[in-house]
Amino acid sequence: MIISASTDYRAAAQRKLPPFLFHYIDGGAYAEYTLRRNVEDLSAIALRQRVLKNMSELSLETRLFDETLAMPVALAPVGLTGMYARRGEVQAARAAAAKGVPFTLSTVSVCPIEEVAPAIDRPMWFQLYVLKDRGFMRNALERAKAAGVTTLVFTVDMPVPGARYRDAHSGMSGPYAAPRRILQAMTHPAWAWDVGLLGKPHDLGNISTYRGNPTGLEDYIGWLGANFDPSISWKDLEWIREFWNGPMVIKGILDPEDAKDAVKFGADGIVVSNHGGRQLDGVLSSARALPAIADAVKGELAILADSGIRTGLDVVRMIALGADSVLLGRAFVYALAAAGEAGVRNLLELIEKEMRVAMVLTGAKSIGEISADSLVRELGA
């Protein structure tokens, strides 16, 4: 299959993966309205073309949390990344490091912190949930510190699991899920050999290390689901703010008032996110939520955004709407599933090329020059 655009990787991943894995990363909550709007709302934003601006000197480099990024992009935390390629978190982290952008390891990764951190030559980020088992949280934070993690990304929009109906149809969950997954793996021999057999162990590395015994998909659905904490409040995060002496980012902000609360709390950054449309269906797309949040807190902390970003044009749109940087989730997992580390590297190169074209043709010579003026004000807006 020919890969000529960043969006080509989705079809390539679908061909290679067992359905339960493809639909797990591809799907969203309930009827998936928000999942679709994330992409549609962002792609509908018109860029303002400018010409004859002498764009011979152009830089995508930016600074974020005292790090220099080759472009305003980081790889988002995605659970079970190690099921999409052999030791997938390690491969994705290497690709990100090679392209000069951060990789964020998920709490529910296949590869543990201690396996991923030594594999790259730049500090990585780590994502954590608020769970009822505070012992696990403290253990994960201590291990992240010991591994040299610089930035903590704290996900706050999962006090309860989202209802992902597609998972029951695909075999990730629902009746006879385990035998259905086995049958699907048998019909995808390339994945079964490379990931299913050679990619073992398939347990949740960070959780297994804490519990002292192997964990798997049933634990992902069971133990983790039982440990989400609906009683979470800002007060529950105070001990973490005191414990963690590096940058702390609150992920899952969609309302300006919550963004203001993050400033009061002392967060170093927020991620404007609806969890890729995987939690509450019917909420605002990130693209629609971002401008009001930027108006409320821009300059008081770093603003990152995710959900719906598939191309370099989308990155430029999000920056113009008020983000300082973005997180790529599904996009990099599709590339990882299709072609491993090389696929993620190529995706990031395509994103960079698409950004360069967009910046040249909107007259922005640096990331700092991308602004609301880079967008067309639609009639009636």
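If you go along the chain as it appears here, the first residue is 1 and each next one adds 1.
For all residues, glycine too, the Cβ spot is worked out from N, Cα and C.
Among the features that Swiss-Prot reports, domain 'FMN hydroxy acid dehydrogenase' is placed at 1-380.
The secondary structure of Y129 (substrate binding site), as reduced to three states from DSSP, is extended strand. Annotation comment: Swiss-Prot describes Y24, Y129, R164, R278 as substrate binding site.
Annotation for M318 (FMN binding site): same-chain Cβ neighbours under 8 Å, separated by at least 6 residues, are L42, S286, A287, L290, A305, I309, V326. Feature annotation from Swiss-Prot assigns FMN binding site to S106, Q127, T155, K251, 306-330.
Annotation source Swiss-Prot lists active site, proton acceptor at H275, citing sequence analysis. Proximity of H275 (active site, proton acceptor) to non-local residues of its own chain (separation of 6 or more, Cβ distance below 8 Å) is seen for T155, D157, M158, G162, G252, S307, given in sequence order.
The average pLDDT for the domain 'FMN hydroxy acid dehydrogenase' (1-380) in the predicted structure is 95. Among the binding-site residues listed (S106, D306, R310, D314, R330), R330 has its Cα nearest to the Cα of R164 (substrate binding site). A distance of 23 Å separates the Cα atom of G322 (FMN binding site) from that of R278 (substrate binding site). Within 10 Å of the Cβ of D306 (FMN binding site) there are 26 other Cβ atoms, across all protein chains. Candidate binding-site residues: R278, R310, R330. Fewest other C-beta atoms within 10 angstroms, R310.
The DSSP secondary structure for Y24 (substrate binding site) is helix.
In this structure the alpha carbons, written CA, of R330 (FMN binding site) and Y24 (substrate binding site) are 10 Å apart.
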